[in-house]
């Protein structure tokens, strides 16, 4: 298919390694410019690789003569040398784009021109300008290096004026700028593919968890309302459209504490740590997507979707620690975990904080991903995140609602149970309903008596299915509760069970979950078979002893 295409890759680290893996399947020849025995070269037996620094101008010229196309696995390269060879070989993304993005301040200025939502920032050529920025933005603020900044390196959070000299010294002689500190609730990322003709395609929004300023975990999709995920994808695509050049771009963003505002943090013009999950979770990995984009091969929105509507992924970085055996322990343990795929990068020396590999866990629910992740950590008593919420208006309802919990325990479905009053704690009810989906809940069981507004009000504020349990009160035998819950207006459904029958609510919740959890579907079939057997046993007994001698 691509026998004539020869791709030169500047950089032979783990990103280059995984790019080469994808290239092999597409029959694309790769020539790598980096040190001898770099991770990418270990898995490509070609003899034309160049053993030199990927910033060496002469080596870049030599590479260009052997290839039809140059690309990079890292943005910290010699853009002047790349620009000089563009007359004889294609470079993707363009040297101009790489030059703009590798300088974080230029990147922010560029995006600001196109009205991309960003934190406030300003230049900081000297200590006086940093002090002025502190007065303008307030404390804390973030002092950042314009260049050679990644994985938290090149950033310093300044909490008070006296820390400014220390911060400047810590960041060395590199040019600096100041960014206003934004109180965020979550860090997210979207991988965006840009084709040669400028079309852009977004992978799902992911949630990234940092540890010691290095990406530690990636949840795909992010644990956010779908509307927020879509807005993040739109912002990421809008940002990538402003640049020239094909390839994959990693767009990092913040979700602020209001849960609505999204600001762009920074862009990487290459495969990104937050996109590793795509190897197992999507039809086309970020590495293959990059190659398809720069080589002009077919690509569409289907390539960037999760493989199924129930696919969930959790990517765990394996970082070196003080324990020399840590990496091998995690690697070996991962091989016994269902749905887990191990990627080791071929790095000989394990240093603290060094990326040695990653594990991607795939399952049909985020809770199952979490459970398997705890297996990876060898947690003895793993705590599972709830997928069902059981709520009631008062503790007086507990005697009727506990049967739902009994059923969920029987099916081993994790749940949370609490009191949420529609009338006495309306703010708590609103918060509970609006955050339920993003917290990982998939079904809500709401019990209420009398006016019984709780199920309907919750259903009006969450996209999740709500099961209403009419609770028998002191008057009207619970018929008032039943009538209240079933009389919901069009567009706001509540699945209502019989009065006081929270057991059926629990069973219905399990059936809803079973539509995308095969293991739960099998358990439900077994439950139904067991009920049948109980009835058949009773029928057999009645027929044998007769009605006069029958006792239940």
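Placed from the backbone N, Cα and C atoms, the Cβ positions cover glycine too.
Keep in mind that this is a model prediction, so the values were computed, not measured.
Here is what Swiss-Prot records for this protein:
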- 108-295: domain 'ATP-grasp' (DOMAIN)
- 134-189: ATP binding site (BINDING)
Requested in this report: Give the residue from the binding-site residues 148, 176 that has the most other Cβ atoms within 10 Å of its Cβ, counting over every protein chain displayed.
Outcome: 176
**Report entry** Fewest other Cβ within 10 angstroms of its own Cβ, chosen from the binding-site residues 134, 183
**Finding:** 183
Query raised in the report: Hey, does DSSP put residue 155 (ATP binding site) in a helix, a strand, or just coil?
Result: strand
**Report entry** Intrachain C-beta neighbours of residue 155 (ATP binding site), sequence separation six or more, cut-off 8 angstroms
**Finding:** 142, 143, 144, 145, 149, 213
Report summary line: Residues near residue 141 (ATP binding site) by Cβ (under 8 Å) yet at least 6 apart in sequence within the same chain, in sequence order, are 133, 134, 157, 158, 178, 179, 180, 181
Report summary line: Per DSSP (helix/strand/coil reduction), residue 162 (ATP binding site) sits in helix
Query raised in the report: Including all protein chains shown, what's the count of other C-beta atoms within 10 A of the C-beta of residue 169 (ATP binding site)?
Result: 10
